[in-house]
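> Before we start, here is the structure in question, set down as structure tokens.
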Amino acid sequence: METEQPEETFPNTETNGEFGKRPAEDMEEEQAFKRSRNTDEMVELRILLQSKNAGAVIGKGGKNIKALRTDYNASVSVPDSSGPERILSISADIETIGEILKKIIPTLEEGLQLPSPTATSQLPLESDAVECLNYQHYKGSDFDCELRLLIHQSLAGGIIGVKGAKIKELRENTQTTIKLFQECCPHSTDRVVLIGGKPDRVVECIKIILDLISESPIKGRAQPYDPNFYDETYDYGGFTMMFDDRRGRPVGFPMRGRGGFDRMPPGRGGRPMPPSRRDYDDMSPRRGPPPPPPGRGGRGGSRARNLPLPPPPPPRGGDLMAYDRRGRPGDRYDGMVGFSADETWDSAIDTWSPSEWQMAYEPQGGSGYDYSYAGGRGSYGDLGGPIITTQVTIPKDLAGSIIGKGGQRIKQIRHESGASIKIDEPLEGSEDRIITITGTQDQIQNAQYLLQNSVKQYADVEGF
């Protein structure tokens, strides 16, 4: 639905020589990266936007979007949504799409830019946010920007190439940063390709990617992302939500961490809510092959994040971790980290080292939770060493001490550890929640240590 938005117009690129022309050496570089596109072929581009940026594209009374449709003879739409994200859809030939993007990019702004937390700093709050990056402040195209391209998951391999060769070539030839997120958008088969750099180069990169994927047929089921099913528990590279208490409305900003916290999107009048993540997992096309047998964990890939999460297999015939209702460990550890029956949760974990935390939370043999598969290659080469996955369980009453207000605490743990951390909702009738940690061995160990400290520091203080 196109609603009336504050007046905002596109820059006149015809009178702005800086934006319309590129140095000869740039053109030579592009020629070195040859493309064999049919310039008349119609393709569809879908860009993930912050909801607040829809007004810049639509314009007051739909003025801007109507001008784009008329001037470029293209199909341009920004469907409404109830969350912090919307999708800009453009259907035209590739060259025309590039020109439309050059019109749109200077009108956008990036969301709240939070200071990066450090190991010793407090968690940043919205009041600490610096000024939004508004691309309209710049003249010409000499500024850095980011766009999030949506592609079907089956097309990712064509962008990455053999051992990452294609994506490396793209980065070098277009002088952009490219990150292909591994996890699909919530309840969809779409993945996010985050492209950053100067506007002209970002647009050129997108044109090349469109050319690459236009030659490849989509394989498998196609379920385009619907932003109304926005869910921060998915680490897909979209935008997260922060509520502006002064206005009582959600404010979107880029996900700079590695995921989100457990929170389902608010319902929308008359619109059915998506099934729970666990239910949806059963029909996900990304389930991959069955997990390898114990002791033969895969290497080189990340476990299919949308796999149905099994109950933790008991190491050596016992429970992975036993708790009482106050969140204290019980007395069954089967040779792992031992505690006396009267030892409290706080006194126990006070003395844990990272290695002891890891021992207590990982099954003996080291691979019982390492359900890896080779299909997940997003973030190719971003991390050193094999990517593994570990699952731990905590009483659901303690989850708040890890998540924190607005999810800020878990975001900081992700940021500091570099690991992907997901906290599942408890199963029906269960008093526990499963935490899935994905990353290198060092990242997982750091994450476990930070989780330990968070529970120790906040469980009693906040009354969990």
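Numbers here mean position along the shown chain, with the first residue as 1.
Just so you know, glycine gets a Cβ as well, placed from its N, Cα and C.
So Swiss-Prot says this about it:
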| type | residues | note |
| --- | --- | --- |
| REGION | 1-37 | region 'Disordered' |
| MOD_RES | MET1 | N-acetylmethionine |
| CROSSLNK | LYS34 | SUMO2 cross-link |
| DOMAIN | 42-104 | domain 'KH 1' |
| CROSSLNK | LYS52 | SUMO2 cross-link |
| REPEAT | 59-62 | repeat '3-1' |
| CROSSLNK | LYS60 | SUMO2 cross-link |
| DOMAIN | 144-209 | domain 'KH 2' |
| CROSSLNK | LYS163 | SUMO2 cross-link |
| CROSSLNK | LYS219 | SUMO2 cross-link |
| REGION | 250-329 | region 'Disordered' |
| COMPBIAS | 252-266 | compositional bias 'Low complexity' |
| REPEAT | 324-329 | repeat '2-2' |
| DOMAIN | 387-451 | domain 'KH 3' |
| CROSSLNK | LYS405 | SUMO2 cross-link |
| CROSSLNK | LYS422 | SUMO cross-link |
| CROSSLNK | LYS422 | SUMO2 cross-link |
> When DSSP states are grouped into helix, strand and coil, how many residues of the domain 'KH 1' (42-104) land in each?
32 helix, 21 strand, 10 coil
> Where among the recorded sites LYS219, LYS422 do you find the Cβ with the fewest other Cβ atoms within 10 Å?
LYS219
> What Cα-Cα separation, expressed in whole Å, is found between LYS60 (SUMO2 cross-link) and LYS163 (SUMO2 cross-link)?
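Taking the Cα atoms only, LYS60 (SUMO2 cross-link) lies 47 Å from LYS163 (SUMO2 cross-link).
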> Given the recorded sites LYS52, LYS405, LYS422, find the one whose Cα is closest in space to the Cα of LYS219 (SUMO2 cross-link).
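Of all the candidates listed, LYS422 is nearest in space.
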> Let's check the environment of LYS163 (SUMO2 cross-link): how many other CB atoms sit within 10 Å of its CB?
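The answer is 10.
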> For the recorded sites LYS60, LYS405, which one has the sparsest Cβ surroundings, going by other Cβ atoms within 10 Å?
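Lowest Cβ count within 10 Å among the recorded sites (LYS60, LYS405) is LYS405.
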> Translate the DSSP assignment of LYS422 (SUMO cross-link) into the three-state scheme.
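Assignment for LYS422 (SUMO cross-link) reads strand.
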> Let me know how many other Cβ atoms fall within 10 Å of the Cβ of LYS52 (SUMO2 cross-link).
20
> Please state whether DSSP places LYS405 (SUMO2 cross-link) in a helix, a strand or coil.
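It is helical.
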> Report the nearest neighbour of LYS163 (SUMO2 cross-link) in space among the recorded sites LYS52, LYS405, LYS422, comparing Cα positions.
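Comparing Cα positions, the closest of these recorded sites turns out to be LYS422.
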> Quick one: Cα separation, LYS52 (SUMO2 cross-link) versus LYS405 (SUMO2 cross-link), in Å?
23
